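For reference, TrEMBL has these:
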TRANSMEM  A:6-28  transmembrane segment
TRANSMEM  A:35-56  transmembrane segment
TRANSMEM  A:62-85  transmembrane segment
TRANSMEM  A:97-119  transmembrane segment
TRANSMEM  A:139-162  transmembrane segment
TRANSMEM  A:191-212  transmembrane segment
TRANSMEM  A:232-256  transmembrane segment
TRANSMEM  A:268-288  transmembrane segment
Amino acid sequence: MTNVFLQLLINGIIAGAIYALVASGFSLIYSTNKFVHFAHGGVIALSAYFLFWLFSKLGLNFYLSAPLTILFSSLLGYTLNKIFYRPLRAKKSSSSVLLVVSIALLILLESLVLLFFGADVKIINFIKNNQGVEFFGAIITPSQIAIILVSVILFFALFVFMKKSKIGKAMRAVADNRDVAEIVGISSEKIYSWSFIIGSAIAGCAAILISLEQNITPTMGTNLMIKGFTGAIIGSITNVPGAILGSFLLGIVENFGIWFMPSGYKDAIAFILLFIFLLFRPQGILGIKNNQK
Amino acid sequence: MLKIENLTKKFGGITAVNNCSLEIEKGKITVLIGPNGSGKTTIFNLISGIIKPDQGGVFLNNQNILNYSVDQISNLGISRLFQQPRLFKNLTVKENLLLAIDNEDVKLWKNIFGLNKITEEKQETVKNILEYVGISETKNKIANELSFGQKRLTELARTILNPHQLLMLDEPVGGVNPKIKKDIAKFLLGLKEQGQTILLIEHDMPFTFNIADCIIVINAGRVIAQGTPNEIKQNKEVLETYLGY
Amino acid sequence: MIDAYFIHLLILIGIYLILAMSLQLSLGYSGLLNLGHIAFFGIGAYVSAILSLSGVPFLISILVAGIISGFFGWLLSLPTSRLKGDYLALTTLGFSFVVYAIFLNWVEITKGPFGLPGIPRPNIFGIDFSSNTFFLILVVIFVLISYFFIHRICNSQFGKALEATRDDELAAKSLGKHTLKLKSISLVVSAFFAGIAGCLFASYITFIDPSSFTFINLIPILLIVIIGGLASLRGTILATIIIVLLPEPLRFIGLPSSILGPIRQIVFALMLILIMYFKPRGFFGKVDLE
């Protein structure tokens, strides 16, 4: 007997966990740097393909490929900041300019993926998913369980890091008020770099977990980015817990939404929510209103 | 001409304007003075329609203008100069000024079919005001490329060209050199002679005492003193508030 | 053979030119970073395709396509009027996602991912425009009409009022300009001409599907407006020619299309990044992107 409600809820939580993985890294970067780093989606996509290359193409052990992938994604994020964003920031480019450049970078990264790996779908066969586990009338697969468990641990670790560690506190200081942070001796450029390293490391984890559960496609970056971004906006783009909360909400609303309408409109639900929140509550559910310049 | 009654505005926990009432007489130059943060610019913003008060009313010629938008209030006859420079930086000085003359430029079809030309009369008006404030040579320069003093004068010219019955100038001589300060004092007195009504915010005391007919002293969001320059000079409370001013 | 190829390129240049000029109006002159502009292109394409497929004469289809696009431009302008910079960009981007989702899912009308094939070439007053040469003449006429209107708007006092709104909206308001109305009109006209371009596109290719109207397709247009220079129609014209022609030599190297596509995107993306760093005002622009 299938419990539809519970199944939708579980599907929603899983989707939410995936979006939250994307959103947490992204909002960490946004809150620190104060611009929209759209290319974050590209980092996820490229990392997923990197994992594929190591694990499926080169046959490297998964427990070696995964950490290497995280290393790769951190490095990629750090490099993007160093080569592209930092020089523009030095030129006092507006955040709109950085937004446009980040979109261009997203397209650049996705096109590189298309170029080197082709358009067809790739799969990472690490966890056997053909047999789901029954759970009070709903089905959940092993990789989905893995996603939920690992992401919760990750979020908790991130929370502790932001609250307790020196770098985490410095990041929150810069996010709050960069000028004051610099006065007390925090180098904002260094913090920007760290935010990209850590945010992109989370992106790497996201790539790994998502690839276990879903197919890898060249446009997965854009799609995930839109969903993650929407989740972040719904919760609060300027604080990471808010982004995570918003993403889970998005996942759940999406999945319950298709109870009422054709499943093709699932994405449309996200877009409409995005549009509505940007118009009426851009600071998100948990955010504080501040003046839009 | 302009009256504010019991105006109150709070920002979070801070009361910027506290039950403030004052009246501006027609044909005179009135100057608001007061320490930084006393609420002068907030009062200006409340009059201009940029922010709405929590309580109180603003009356222009006895008409309540509280719920009008910024552009509507401008069209009712209040022309505002801002404390921060607000030129159209990518347009030339001439283009900046032409925009002030009328609002025919908002009519799409009139402009598409060439019915809103820049007439000889408008060209003359621009030329004259530039001569009056002494920056004729900047006419075709891009606003962003002017010196600070030239920018201020351009903005002043633009504010004057905007059809008005009341000029509201927020620190018109803030940051300009002494020569330009003298020129601006001369212009404002000249405008008064033509019967214009001017309301200023200023920190420069010699400048203020030179041109003001009436000085209103603001502190902590309300009027603490009001009178002619001589009366104010002798007012003990004002002197206390302005220790070191 | 070579003739036909050049005519094809000229037609593409014409269509992109109308699309780019319309974006220039809202972005360069009015300062509205409308990242959803491609949605208007798509709305124009779908509306005209559906009408043409139902037998509606071309001149009526194209006009209706423009008007309906313009209407959506007006709809978009209402809630976004008080947004600035990033938030405006992201909201308009969200708008284009919603429109794309509708193209993809409203299968009864748009046939979803299968698209609409067999869109008839125009037949105006008995003249058949199936031949590309004739179609080019049609495109040129619409380019001239679009250029006339957009040029007149931009170079008139109305255009100055738009630029004033872009440079300092509060100052414009305090001179009595109704900036909401100005921005609305700008988006409406911009959307109208994007819709016209969409109709020409649909009639030319004779087949449309949602994939032509994703936001990635906006990148070349955005690139054109930025490289040409914000608030410069002259720059837009030059940049359109360059951007349309630039990827063409790649065709002759004999690379498969699965490689050509990504390379074209990489070139555009890199150009956009480089321009933003080295010459953010483009060739003829005098205005920065805020």
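Counting begins at 1 with the first residue displayed.
Glycine is no exception: its Cβ is also placed from the backbone N, Cα and C atoms.
Only pairs six or more apart in sequence are counted, and the transmembrane segment (A:232-256) with the transmembrane segment (A:62-85) gives fewer than three Cβ pairs under 8 Å, not enough to call it a contact.
Long-range neighbours of the transmembrane segment (A:35-56) within the same chain, counting only residues 6 or more positions beyond its ends whose Cβ lies under 8 Å from a Cβ of the stretch, are 22, 25-26, 29, 62, 64-66, 68-70, 72-73, 76-77, 80, 85, 95, 98-99, 102-103, 105-110, 112-113, 116-117, 122-126, 196, 199-200, 203-204, 206-208, 210-211, 216, 218-226, 228-229. Same-chain residues lying 6+ beyond the ends of the transmembrane segment (A:6-28) with a Cβ under 8 Å from its Cβ atoms: 37, 40-41, 44, 135-140, 144, 147-148, 151-152, 154-155, 158, 171, 195, 198-203, 205-206, 209-210, 213, 224-225, 227-232, 235-240, 242-244, 246-256, 259.
Tertiary proximity for the transmembrane segment (A:139-162) is limited to same-chain residues at least six positions away from its ends with a CB under 8 Å from its CB atoms, namely 2, 7, 10, 13-14, 17-18, 20-21, 24, 28, 127-129, 131-133, 168-169, 171-172, 198, 202, 205, 209-210, 212-213, 240-241, 244.
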